[in-house]
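Everything on this sheet refers to the single structure shown next.
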Amino acid sequence: MAFSATELQQKRDALEANIRQRAELTAPDILQKSDLFFDLAGEDIGRRLLLTTGADGTNYCLRPDFTLPIAAAYIEKHPDFEPKSFGYLGPVFRQRENGPAEFDQAGLEFLAADDGDQAFEECLAFAIETAALYGEEKPRLHLGAVDLFEALLDQIELPDVWRPRVRDRFGHDAAMGRLLDRLFAPEDQHDQPELPKDIDAAKAKILEMMDEAGLSQYTGRTAEEIAERYLEKRQLAEAPVPATTVRTLREFLSITGRAHEQVFHITALAQKVGINLDQQLERLSARLTKLKADAPHIEVEFDAGFSPRLDYYTGHVFELTSNLTGDVLASGGQYDRLLQRLGAQKPVTAIGCAVWVDRLEQGGAR
Amino acid sequence: MSSILLAIPSKGRLEEATREVFAELGMPIERPGGARSYLGEMASMPDVTVRFLSASEIARELIAGNIDVGVTGEDLVHEAAERGIEQVELAKPLGFGGADVVVGLPESWVDVTAMRDLADVASDYRHRHGQWLRVATKYINLTRKHFALHGIAEYRIVQSMGATEAAPASGAAELIVDITSSGSTLKANQLKVPKDGVILKSEANLVVARNAQWDADKLSLLRDFLDKMEKGLGETITEAL
């Protein structure tokens, strides 16, 4: 049964009141400079932007989300990083498969929060209450933990150059799968160019090639980084990463299911391979216990491989999905590196969530 | 009396080759006003109105459905709109205008022989330099599609409308995506193509617009026109529309 116009308005009012209770309602400009989004998220997000160019050549886009404009404005106005809570409700614009789309989102941003865990709980509570407001009484909660993966990756036996590469693929199953394949069974080296095995000699040869092509030694990839990676590839071919490392990563990433059980699986895996994840596991357990107390009716699933593919996420992440349609109704998490990417000198606690208001409103129509 | 609108490239090698192909098929195209006129005639099929346009404009107008049939490169159809290729029917490759859209990287990148290497490099580059790896190209849609296919997210496109091959040397970008027919421009600029770096093998095509107004009269005209080019083609294409 579809919601009537009056019902929709009542729900909107209730939603706005809920936001105002928790945070300062803010409305960043719809027209944003597109560099902000490209700089932070690259071409993968860039392709989703609705772009336009000013008479002076500056590129603009219609805001594709609220988080970035809110965080950028916060940095400008609050150089001392005092704790601030923002809320929003309004349209965002994105290119979709079927063309450009406009849809409403509501959400919260807790920037420089004193208590990150409390902010996270507030986000979850807000998402669950908003879903219930539109009749989604028993949504499913899909939980991930970026900190857990990062702690595992820090400690596992792996040449250091691979750690950031593996991290960058977290949240993209196919790309991660291919990278792990490659670590496990390095490619054939016969079609690789022959270069001296000594780093300085290899570097000299590369410099010569760069020179010939008129490439600067000071911008772009340097001869040193090319030589290092060339030799690293050869070394990998001769001495692949230990099979146990790849197996452990695969096993970890495939852990998914009812949340409490997964904590046991991860604990067992960590013990088996001698990696200390105690602190992160404790945080996860505490979160699950709190969830059970606060929202006993919500089914919680933990997925060790679940994360947005954005490298500023640092802690727990979540998606709330409809029990009726399977649609994602809300998503959020902790991204302590966001403000750092925007200019802060060090990580700053930041937690937020976004609710897909249009999906909830249409939910009544199905 | 209805007619169909055929657009063909207005200048250079593409115009010549297009007119040669139609002449060989016994459907010569005249340009009565000379090279400065944009109207043409096909005496063998008076119901076909011929117009001379730039190849990229033809791609754009085919997608919009403002012209019915056109001769243009597949690469240009991809570039005119992200899902432009779904708005048209590639009726017949014409055997000229062949060119590959490829990834071109400095030969000095001895550690990169495949796209998977580029995935590592893109990731490393961001961590080392605090900047995105930059790809100079005018083929934005094809680049994004190919890089996404290989799971590469850590890069930015720098739009380049000409002399793209010079971008690495000028410092405008670290690598390029560009079109090449013989590979000689790439070679002259000490650029190489990784082994899975060919994004599209393109050539000039006879392209039919899905979004044009196809009523029964026009469809029957289209069928005759295509059958004249190749027996049976009319049936295949009108069914696919």
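Quick reminder: no glycine exception, Cβ is built from N, Cα and C everywhere.
Among A:Arg47, A:Arg94, only A:Arg94 appears in TrEMBL as part of the L-histidine site alongside A:Asp65, A:Phe66, A:Thr67, A:Gln105, A:Glu109, A:Tyr312, A:Tyr313. The binding-site residues examined here are A:Thr67, A:Gln105; by Cβ neighbour count within 10 Å, the least packed of them is A:Gln105. Annotation for A:Arg94 (L-histidine binding site): same-chain Cβ neighbours under 8 Å, separated by at least 6 residues, are A:Arg48, A:Leu49, A:Leu50, A:Pro64, A:Pro100, A:Ala101. For A:Tyr312 (L-histidine binding site), the count of additional Cβ atoms within 10 Å of its Cβ stands at 21 [all protein chains shown].
Per-site Cβ counts within 10 Å over the binding-site residues A:Asp65, A:Glu109 peak at A:Glu109.
Sorting the domain 'Class II Histidinyl-tRNA synthetase (HisRS)-like catalytic core' (A:232-360) by DSSP state (H, G, I as helix; E, B as strand; all else coil) yields 58 helix, 28 strand, 43 coil. Largest Cα-to-Cα span within the L-histidine-binding set A:Asp65, A:Phe66, A:Thr67, A:Arg94, A:Gln105, A:Glu109, A:Tyr312, A:Tyr313: 21 Å. Neighbour count (other Cβ atoms within 10 Å of the Cβ, all protein chains): 24 for A:Phe66 (L-histidine binding site).
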